């Protein structure tokens, strides 16, 4: 078995017992990247020399008997909206095409401290705006399960890298579902932490009150490990919580007996694919068998969440993206005067979806419209948050499918923004309420013509800062159903290698 | 109607830089005058991914300013974003406070006429960088350079009600505001260095009307003098328009210092929509009542309190008290003199007269008083003890400043002790009487005032060292005997 085919836990234990070196682990992943990256296009940049140097450093520490940290040489991919000192940070936008970050994001600095080796920067929807990674200025990422389909977005590159075996771990960011939705589409595990648990310092902001950095992995344990490394108060982020970080990996095992899980009826009313619905019902039965008390419940304001999100997120984005003006860094269009320099730089530097959202947000914040749009949305957001609070008085977790359908086809929704926005209908409410939620592979649906199997994800939503509960539920369920899923992942990865051998691309 | 039948309504918006060592939302230095773009970091350059973190000391100073200006401090206020594009604004928005400012409802008292100018609000914001254009302005320049050292320096904006009725009242308000903020140790408040910036809102209306006129905003006012001149110009201009039956247009006008006129900068109708909204990167600014109390209790003594202490406790004339409180350094100097035993009015006379006269002539600012209080007090003791004359003391004061020596040393080195022994003085007096027979005749004929001339002659012959009181007595004695 190749190293890249092992579970993260296995690799880590082999690293710690010094049966393999960090450099061997890295080699294995670099090899895998060479093999399938041309098909998947998960990375915008692979940082091979830097990664080799980091891996050598970790190995030197291990040889000296020093503790290189909890990641101990594990490779990790970074979404390209996270600042890694000395590496380009493009946000998959032409406007930042050649911008090199001069500092480390807090989460990156923390990963470095724990001995992570950064494989590269992953593709995404431009400035994290999108649900398919098709909005990247540098071309789309493909879904490893079906190369004609999208990996989801906006963290599609990170999700696809983990799914295809091109990284054991990856970081993404989630503003309205950008970790969970691609996790669901690619059969990976993705966690959006509670707002404030992970510092946003060094995450290029899309919508500051919604953005949260989180882990991708091949198991619940992976997510817990990565979260453990990055969580905790950061004085550089005024919105970060002072709550003490938690050793999540040490508290994963727990019986679910007596745990109360609510299923909000509103979540099932959003055009859920019948096969996903059926799979979801089956999961609820499995959970019941495990002793979970599953009950239907209601969050009456949920149907307004998507509309609310599409006022608040673009409003904040219109202001957050104002700094990309061509004056100090990034792309600058040549123009005869300041005004037209601004217009041309931003007109040419930003892609269509980004321009659309900047215009939406600018409109929503304009004098005369502010009360009707931004202020009203902010009020509905409070109501949605209250709805969740009420539900959590009765339940420990809330459950839903992560997305209404499995991965859709490349190009299928790109011309129809509303249908694209609907891909996030089940994830967006969680961001509005600032809650933690895990998406884990929970089953497969068979799609159309080729009869290919595609994964779908279960979303487990928790109370604020109750990541532990969420991870425990996920972990217990993974013990039940994970084997079948891992078998399918192995098959998918082999198919991918074979595809590469049969029809070489590039 | 003539211009006497109109009145002005003036409201002022004053921006003041706070005296913090570091910036409002990062820990870069606020030092003035460093090489361009040396006090910068990802936060104050607005680099992607950077986030603001509020400076506690700036909040403390802002609260202190609010209390010094008699404002109500709001325990809960909020940071908002003011969105606009300009090359020296690195994030494309300025972090400010919009509809929930730090403080509201204060006032400043001015003297002539004695009245209260109300303060509507006081809020915290960050400064922008500084643009330098290779040309007259950004539209005419072939290129522009930006220095971000100032970007993120903490500011407070103090907005008055339109309570001032003349340029002179505006000047008094600004002087008083400046003085209060200096004494509160909140800011340098220097217009020349840009640590105080003033915009005026001015309108005119017929006297007795209670409908406000159409206001214009005046910008680019670089001194109090410019404020007064620009306001006077605006009064004439707006009255002129109304007299011609025309309307005043609501607009922003730029004061042209060299031409001494105001000119349209932009019409208000087309002015930008700043799209204020709460900054999602910053939690609400919550202050505890204890914090505000602590700031209140540690408030330095303010000018009004000092003036009344000088007038009521020390018996100084109000005029003296006002002059001595022109700057914290001056008041401190005076207080130290009194503490060392100087008689207040005597000390005040010497400070206001000779010391300030010297400093003014040499262009020395108040903060750099070139003399130790101890030296001045020692000199006053020498005068009081009759060791030196007041006239000689004037020279000694200058020598103390210029050599840094103490007065006794100067007196000893230069032999400046006053001549008080009667024998020596009598000899000089006899010689003066002998040299001036005609004057002596006049005095004997009853023109007693001429005696001063003879005293002067004695002082001259003794190079000012004679004790004038004694000379007077001896002279009178000799002339009447």
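For all residues, glycine too, the Cβ spot is worked out from N, Cα and C.
All annotation found in TrEMBL is predicted automatically rather than curated by experts.
What TrEMBL records for A:79 (among others) is active site, charge relay system. The Cβ of residue A:79 (active site, charge relay system) lies under 8 Å from the Cβ of A:121, A:122, A:124, A:155, A:157, A:158, A:170, A:171, A:172, A:173, each of these being in the same chain and 6 or more residues away along the sequence.
For A:154 (among others), the entry in TrEMBL reads active site, charge relay system. Annotation note: residue A:154 (active site, charge relay system) sits in a coil segment as assigned by DSSP.
What TrEMBL records for A:178 is active site, acyl-ester intermediate. All chains included, 37 other C-beta atoms sit within 10 angstroms of the C-beta of residue A:178 (active site, acyl-ester intermediate).
TrEMBL lists A:24-471 with the feature domain 'Amidase'.
In the shown protein chains, 36 other C-beta atoms lie within 10 A of the C-beta of residue A:154 (active site, charge relay system). Residue A:178 (active site, acyl-ester intermediate) falls outside any helix or strand according to DSSP and counts as coil. Averaged over the domain 'Amidase' (A:24-471), the predicted model has a pLDDT of 96. Cα of residue A:178 (active site, acyl-ester intermediate) to Cα of residue A:154 (active site, charge relay system): a distance of 5 Å.
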